[in-house]
């Protein structure tokens with residue numbers, strides 16, 4: 001029988017958050033070095049409840065919530081609720097460990113930035129808002145963290161705001177996330193009006209309308225960059241590399257999947273929502289893996305691999321395995337942060353050149369960085385006994401043994417095969433063969449850059465069995481299945497690598513034919529995908545709306561008001577034209593009005 005968390009564990013679970021807040025408040029702790037030290041101390045404090053779990057076992061922990069009444073609106077009430085459970089304890093240590101490494105790396109990477117202190121404060125606040133999300137016991141606190149990571153992502157992605165591409169990328173991230181925020185607000189308002197409470201446990205015990213659950217899935221899809229809402233994730237690479245590492249590993253992009261893990265009892269009640277998560281995750285995983293194959297920008301390759309892994313987490317939600325999704329979140333954080341930091345070292349040493357075709361032979365001049373990148377890419381592929389293997393292989397095995405449509409299984413396996421291909425391509429172009437960069441470039445590995453990636457490499461190797469024991473204490477159920485199904489992930493990865501190597505060799509040894517037309521060439525990158533999928537549909541819808549507003553409505557107004565004097569026609573026509581200014585706030589207002597009408601109907 002599970003016991004409640006003792007007061008000492010509860011206190012140590014809350015201590016890291018208090019230490020982060022204190023480093024943001026007190027002036028004496030606002031230097032970059034002291035901020036790094038505060039995150040380091042917070043990480044070691046977070047190890048205390050984790051060690052308690054290892055000693056007593058994961059069943060020692062039961063959900064513990066603290067509630068503080070905030071607003072009483074008869075008969076409803078809004079409270080501040082913090083939840084301490086297995087997920088909170090494990091992810092807090094993971095997020096702090098990864099953030100500690102990223103912030104220590106930033107001491108070297110952002111050394112020449114005049115606003116480095118402000119940059120570190122934003123990183124800390126970004127971490128704090130994510131810790132609020134994982135500790136939230138109700139939708140009110142979750143909403144604070146949810147909006148916090150959105151705001152901080154806008155500020156950090158747009159750090160180099162003087163460049164128009166960076167400003168556009170930050171705005172793109174905000175707009176895509178605002179779409180999902182409408183879904184979150186819809187679920188929040190329905191919960192408050194129908195149940196008079198925003199408590200997550202209470203919500204999971206209700207039977208809400210299916211539209212409410214789909215609204216939450218929409219919120220998670222935009223935050224976790226699922227298919228049709230993914231373009232902002234690659235655009236976010238315009239920000240500094242430490243921001244990319246923190247954004248993709250343990251903060252914003254996993255917040256959507258974590259929300260679905262929290263409300264998974266609601267999703268499990270409805271087969272249609274499970275199918276939606278499964279199919280959306282499979283399509284996202286395949287699409288992102290396909291796009292990563294055709295990228296030459298090292299940061300965008302890693303970014304699309306993040307989107308592919310987020311799709312795999314959504315697949316785990318779709319097969320009713322939230323524990324596996326959370327497991328993959330934790331494992332993914334280690335090697336994804338390490339991959340971004342390694343790419344940052346290479347870009348910094350190569351005079352900001354991000355094209356992998358201009359690299360090569362870096363293992364001779366950057367042995368630590370290339371070794372860590374190799375470990376990270378092997379973990380991403382799901383190489384046995386690295387962190388990615390424990391979670392990724394378990395998800396694919398769960399998909400193979402579950403009663404789901406075969407299309408989702410095939411898409412997931414093909415995405416896994418493509419992951420192996422672009423991972424090996426990354427290793428080959430970056431580390432192997434002859435150098436393709438200028439011989440005049442002075443390359444060095446600073447200890448402030450290599451220590452964090454070495455620490456993350458150790459975590460990538462050792463964290464798998466440790467987290468597996470914490471999340472799955474009992475021996476897993478043994479399924480009787482063919483060996484080919486048991487080793488499906490490894491088999492498709494090996495086959496894909498052999499086929500890709502053969503095709504690459506054929507391409508390199510065959511003279512080019514200028515008259516040949518290749519559909520999937522290196523020029524057929526994400527720009528074409530975006531134009532094909534987003535621009536065409538958006539243009540169709542917007543042109544239809546423009547035609548209705550400018551031709552139909554105004555013609556009706558002119559015909560109805562033609563008999564009246566001109567001064568009586570000005571106000572109605574000006575009201576119609578006000579809605580045609582193209583301002584974001586007008587579209588958000590329309591979404592809020594529609595949401596209110598739907599809530600009144602429900």
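Using N, Cα and C of the backbone, Cβ positions are placed for all residues, glycine too.
Among the ranges 403-428, 507-532, 533-558, the stretch that TrEMBL annotates as transmembrane segment is 403-428. Record note: among 64-85, 86-107, 86-107 is the stretch given as transmembrane segment by TrEMBL. Annotated range for transmembrane segment in TrEMBL, selecting from 207-228, 273-294, 339-360: 273-294. Within its own chain, the transmembrane segment (301-319) has Cβ neighbours under 8 Å at 224-227, 230, 233-234, 236-237, 244, 248, 253-254, 256-257, 260-261, 264, 267, 274-289, 291-292, 295, 325, 328-329, 332, 336, 339-340, 343, 356, 380, 392, 395, 398-399, 402, 404, 408, 412, 415, 418-419, 422-423, 426, 526, counting only residues six or more beyond its boundaries. When pLDDT is averaged over the domain 'NADH dehydrogenase subunit 5 C-terminal' (422-601), the result is 73.
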